[in-house]
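*Asks:* Here it is, the structure, as structure tokens.
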Amino acid sequence: MINQDSIVALATPSGAGAIAVIRISGAEAVSIGNSVFKSIKNKDLTKQKTHTLHLGHIVDNGKTLDEVLVSVFKGPNSYTGEDTIEISCHGSTYIQQQIIQLLLRKGCRMADAGEFTLRAFLNGKLDLSQAEAVADLISSDNEASHHIAMQQMRGGFSNEIAKLREELLNFASLIELELDFAEEDVEFADRTQFHELLNRIEFVLKRLIDSFAVGNVIKNGIPVAIVGEPNVGKSTLLNALLNEERAIVSDIAGTTRDTIEDELVIGGIGFRFIDTAGIRETKDVVESIGIKKTFEKIDQAQVVIYLFDGLKFKASSSEFVSEIEQIKNKYPLKPLLIVVNKKDILSEDEVLNITQKLENLNAKLLLISAKQKIGVEELKNELLSFVNTGALRNNETIVTNTRHYDSLLKALDEIQKVKFGLETNLSSDLIALDIKEALYQFGLITGQVSNDELLGNIFANFCIGK
């Protein structure tokens, strides 16, 4: 499947900038680069050592296009495992295109999306899960997602899967051997040891599967719905959290007619805050649509903030309590923060009345002033406490990829079938079938088992120059 042609693409983001990097990889990469490069020291790139830098000019039919710095990487000691050069030129879009067009005329072709990393995988520089981590690393926008992607790219997840696969494969070989000597009625695989191995594999698989609940939201941002009566300061709170004017702030009830989303990183974790239209009963058609969207957003949220105006609590306490209970009853498993706004102008008696009437609702209660930004940092810390960051702190493997999660679920199902087969004295040939399916799922994760369609789907999500 490895193409022998040389590919070229812009490795830096498209558009003008201080510099741009153009990457070429393939059997003829260095010779093609050498044909358009004139070194200031008259060096021949094809005769240079790997991992060297060379200053010179890109020349097209005697015309100098740019002064550049060329990096030479000889295979297999390169990212792709092939001969590779990278041309660092000035970031003019005109210069970029002129150099790329020149390289195409000299024998390169434009790289497909993710083709450089695909070649790295096909040449054994990365396994499939590591290759996918490259894309995650590029798209990471907070400390946690960066940490997870780096760990996976360095082989943390791959090594864990490879170890499970190797141990299971060793026993599978013994089971297959028993089938070859079926008439002898002998057991080469110690059933007690095999059962212990299956228990270990099951434990690891369950831990990895459970980690996806954390990993998936870290990768995509943890959605937090800010809900409550209209005009209680939800937009002001959102702006205080984000330190910018994002939502429409007005004194007219129901101003936030639609859901508004923005992102914030707290303690290295990405959160997506969703300001909604409130949940009061209304006859206004437009506002009713917004309220419907509020409940849709609560469905999607991992955490719910119910915000109300502390000055209105005395007159409307029964309504507030009813709405909080409605949310708790409809979403009993979602973490709920009850946040009281306008703390800065509440009397001690008002604060006492609020805390006494809400203390039995079994939800965390915070008093803040969104306008004065009082209590905002405490709110951020509470949000962070809802995220299970123990696995991150302990440097454990965390699964973020849906494809991996699916294969882990299927592998666990097969392992449990094997355990059941052992416990019920199922024949070795049937047990062997379930073992093979578990091994197949492990192989899908690392790429030891793959096909063109699978690889095409994975690498199509990469940028062209990677």
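Cβ coordinates come from backbone N, Cα and C, glycine included.
Okay, so Swiss-Prot annotates it like this:
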- ARG23, GLU86, LYS125, LYS466: (6S)-5-formyl-5,6,7,8-tetrahydrofolate binding site (BINDING)
- 221-388: domain 'TrmE-type G' (DOMAIN)
- 231-236, 250-256, 275-278: GTP binding site (BINDING)
- ASN231, SER250, ILE252, THR255: K(+) binding site (BINDING)
- SER235, THR256: Mg(2+) binding site (BINDING)
*Asks:* Look up LYS125 ((6S)-5-formyl-5,6,7,8-tetrahydrofolate binding site) in the DSSP assignment and report helix, strand or coil.
*Replies:* coil
*Asks:* Which state, by DSSP, holds LYS234 (GTP binding site): helix, strand or coil?
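*Replies:* The three-state answer is helix.
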*Asks:* How long is the line from the C-alpha of LYS234 (GTP binding site) to the C-alpha of ARG23 ((6S)-5-formyl-5,6,7,8-tetrahydrofolate binding site), rounded to the nearest angstrom?
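*Replies:* That comes out at 48 Å between the alpha carbons.
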*Asks:* What number of additional C-beta atoms lies within 10 angstroms of the C-beta atom of LYS234 (GTP binding site)?
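*Replies:* Result for LYS234 (GTP binding site): 31 neighbouring Cβ atoms inside 10 Å.
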*Asks:* Within the domain 'TrmE-type G' (221-388), what mean pLDDT does the predicted structure show?
*Replies:* 76
*Asks:* Taking only same-chain residues 6+ apart in sequence, whose CB is under 8 Å from that of LYS125 ((6S)-5-formyl-5,6,7,8-tetrahydrofolate binding site), what do you get?
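*Replies:* When sequence neighbours closer than 6 are ignored, LYS125 ((6S)-5-formyl-5,6,7,8-tetrahydrofolate binding site) has PRO76, TYR79, THR80, GLY81 within Cβ distance under 8 Å.
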*Asks:* Provide, as an integer number of angstrom, the distance between the C-alpha atoms of SER235 (Mg(2+) binding site) and ARG23 ((6S)-5-formyl-5,6,7,8-tetrahydrofolate binding site).
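*Replies:* So the Cα of ARG23 ((6S)-5-formyl-5,6,7,8-tetrahydrofolate binding site) lies 46 Å away from that of SER235 (Mg(2+) binding site).
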*Asks:* Are there any residues in the same chain, six or more apart in sequence, whose C-beta is under 8 angstroms from the C-beta of GLU86 ((6S)-5-formyl-5,6,7,8-tetrahydrofolate binding site), and if so which?
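*Replies:* The list for GLU86 ((6S)-5-formyl-5,6,7,8-tetrahydrofolate binding site) reads ALA11, VAL21, ILE22, ARG23, ILE24, VAL70, SER71, PHE73, given in order along the sequence.
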